[in-house]
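Q: The following feature annotations were taken from TrEMBL:
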type: TRANSMEM; residues: 55-73; note: transmembrane segment
type: DOMAIN; residues: 55-462; note: domain 'Major facilitator superfamily (MFS) profile'
type: TRANSMEM; residues: 85-107; note: transmembrane segment
type: TRANSMEM; residues: 119-137; note: transmembrane segment
type: TRANSMEM; residues: 181-202; note: transmembrane segment
type: TRANSMEM; residues: 222-242; note: transmembrane segment
type: TRANSMEM; residues: 280-297; note: transmembrane segment
type: TRANSMEM; residues: 317-337; note: transmembrane segment
type: TRANSMEM; residues: 349-365; note: transmembrane segment
type: TRANSMEM; residues: 371-391; note: transmembrane segment
type: TRANSMEM; residues: 411-431; note: transmembrane segment
type: TRANSMEM; residues: 437-457; note: transmembrane segment
C-alpha cells in the first residue's frame with residue numbers, strides 16, 4: 001500500500017465501519033460483461049467506502065481549474081488596452097480567447113484516451129505543468145514587439161485546458177458517492193466559473209488604461225507575475241497531494257468498473273457507441289449551442305459594453321463578474337437539485353428555456369443607457385446560461401452510462417468549442433457591421449433552436465435504471481438472509497421440543 005492510500009484510509013469517516021462498507025449507491029452502473037458474480041442466486045456486492053479526502057481532491061482540482069480559466073478572458077476583457085500595447089487589431093485579441101477553443105477540438109480525443117488509460121493523476125500533472133509553463137512565458141512577453149511570445153504563453157495555457165475541462169464528472173464518479181456526485185461535479189465546474197469571474201474582475205483593476213507605455217508594461221508585468229506565482233504553487237500542490245483514486249471505490253459502479261480487465265475496454269468502440277446514441281447526439285449539439293453562446297458573450301463583452309458605455313472598462317469587467325458569479329450560484333443550486341430529484345431532462349429543458357429568455361432580455365436592455373439594468377439582466381443571463389454547464393455533464397453521464405464520463409464530457413466540450421469559435425467570429429463581424437443588438441439576436445436564434453432540440457431528447461436515465469436493479473438485488477439478498485436466519489431459529493426451537 002502506498003502513502004497516498006494509507007492517507008486515504010486514515011481519512012475514512014469514523015462511522016463507516018467495515019460492516020457498513022457494503023452498500024448500494026443511487027448512481028450505480030449498468031452491468032458489463034464480467035461485472036457481476038453470483039452466489040446462491042444473488043449478486044455479490046463489493047466493499048465501498050467514502051473518504052474525507054475526496055473533498056480535498058475536488059477542491060484542489062477546482063482551484064487549478066480556476067487558475068487556468070482565469071487566463072481565458074484575461075486579454076479579451078481589456079482588449080482595447082492590449083490592442084494599444086501590442087499594436088494589434090481587435091480580431092487578433094479575440095483569438096487570445098478563441099485559441100482556448102481551437103486547441104481543444106483536435107486534442108480532446110487523445111487526452112480523453114490518456115485519461116482512460118493513465119488516470120486522473122497523470123492528467124492533473126499535465127494540466128498544471130502546462131498551465132505553469134504558459135504563465136512564465138507570459139512574464140517574459142511584456143514588450144510591444146513580443147506579441148508572438150505572449151500568444152505562445154496563451155497557447156500553452158490553452159493546452160492545459162484540454163486536460164481540465166473533461167475531468168469534473170470523472171473525478172466525481174471516482175471519488176464520490178451517488179447522492180453527492182452531481183454536487184461534486186458542480187464544485188468541479190465551479191472552479192472554472194470562478195476563474196472566469198476573476199478574469200473579468202482583476203485585469204481591468206490591475207491594468208488601468210494609461211497612455212504611458214512604460215507604466216502600462218509595469219502593470220501588465222505585475223498581473224502576469226501574480227498569475228505565474230499562483231500557477232506554480234498549484235503545480236507543486238498537485239505533485240505532492242493529488243491522489244489517483246481512493247483505496248476502496250465509493251460506489252458499486254466504480255467497483256464494477258475496476259473489475260473490468262483493460263483488454264475488454266476499447267476506446268474506439270466506446271466512441272462509436274456514443275455516436276450511435278441519438279439522445280446523446282442531440283445533447284452534444286444543444287450543449288454546444290448554449291455554451292458556445294456563453295463563450296461568445298464573454299469574449300466580446302468588452303466590445304459590447306464599450307460601444308454603449310465608453311470608458312467603462314472596469315464596469316465591463318464587473319458585468320462579466322456578475323454573469324459568472326450568478327452562474328456559479330446557478331450551478332450549485334442545479335447540482336443539489338439534481339442529486340435530490342434526478343429530474344435531468346426537465347431541469348435541462350427549464351434552464352435552457354430560461355437561458356433563451358435571459359439572452360432576449362439582455363439584448364433588449366443593453367442599449368438603454370442604464371448600467372444598473374445591464375448588471376441585473378447580465379446576472380439573470382449568467383444564472384441560467386452558466387448554470388447549465390454541470391447539468392449538461394451529468395445528463396450526458398446518465399444518457400451514456402456505462403461509457404467513460406471523461407469521453408462523454410469531452411465530446412460535449414468539443415462541441416462547445418466549435419460553436420464558440422463560430423459564434424464569436426460571426427457575432428464579432430455582425431457587431432462591427434450592424435451593431436450589438438443584431439449580434440445578440442443572432443445568438444438568440446440559436447438558443448431557440450437549442451431549446452427545441454432539448455425537448456426532443458429522450459430521457460433514458462441508464463445509470464438510474466441500473467441502480468434500481470442493484471437496489472432490488474440487494475433487497476432480495478437481504479430478504480434471503482433474513483429468511484435463512486428465521487428458518488434456522490425455528491429449527492433450533494423445534495429440536496428441543498422433539499427431544
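Each residue, glycine too, has its Cβ placed from N, Cα and C.
Could you give the neighbours, burial and distances for every feature on this list?
A: Outside the transmembrane segment (85-107) by six or more residues, the chain places 72-76, 79, 144, 147, 150-151, 154-155, 157-159, 161-162, 165, 213, 216-217, 220, 295, 298-300, 303, 413-414, 416-418, 420-421, 424-425, 428 with a CB less than 8 A from a CB of the stretch.
Tertiary neighbourhood of the transmembrane segment (119-137): same-chain residues 61, 64, 67-68, 71, 111, 149-150, 152-161, 163-164, 167, 170-171, 174, 224, 227-228, 231-232, 234-235, 238-239, 242-245, selected by CB-CB distance under 8 Å and a gap of 6+ residues from either end.
Nonlocal intrachain contacts for the transmembrane segment (181-202), taken as residues 6+ away from its ends with a CB within less than 8 angstroms of a stretch CB, comprise 27, 54, 58-59, 61-74, 77, 164-165, 167-169, 171-173, 175, 223, 298, 301, 316-321, 323-325, 327-328, 331-332, 334-336, 338-339, 386, 389-390, 393-394.
Tertiary neighbourhood of the transmembrane segment (317-337): same-chain residues 73, 77-78, 182-183, 185-187, 189-190, 193-194, 196-205, 297-298, 301-302, 305, 343, 347, 351, 371, 374-375, 378-391, 394, selected by CB-CB distance under 8 Å and a gap of 6+ residues from either end.
Sequence-distant contacts of the transmembrane segment (349-365) (same chain, six or more residues past either end, CB-CB distance under 8 Å): 286, 290, 293, 330, 334, 373-374, 377-378, 380-385, 387-388, 391, 436-437, 440-441, 443-444, 447-448, 450-451, 454-455.
Cβ atoms under 8 Å from those of the transmembrane segment (411-431) belong to residues 90-91, 94, 97-98, 100-102, 104-105, 108, 165-166, 274, 283-285, 287-289, 291-296, 299-300, 303-304, 307, 392-393, 396, 438-440, 442-443, 446 of the same chain, restricted to positions at least 6 beyond its ends.
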Q: Same-chain Cβ contacts of the transmembrane segment (437-457) under 8 Å, 6 or more residues past its ends?
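A: For the transmembrane segment (437-457), the list is 279, 282-283, 285-286, 289-290, 292-293, 296-297, 300, 304, 345, 348-349, 352-353, 355-356, 359-360, 362-363, 366-367, 399, 419, 423, 426-428, 430-431.
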Q: Sequence-remote contacts (6 or more beyond its ends) of the transmembrane segment (280-297), Cβ cut-off under 8 Å?
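A: Hits for the transmembrane segment (280-297): 97, 101, 274, 323, 352, 355, 359, 381, 385-386, 388-389, 392, 395-396, 399-400, 408, 411-413, 415-420, 422-424, 427, 443, 446-447, 449-450, 453-454, 456-457.
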Q: Per-residue pLDDT averaged over the domain 'Major facilitator superfamily (MFS) profile' (55-462) comes to what?
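A: Per the prediction, mean pLDDT sits at 87 for the domain 'Major facilitator superfamily (MFS) profile' (55-462).
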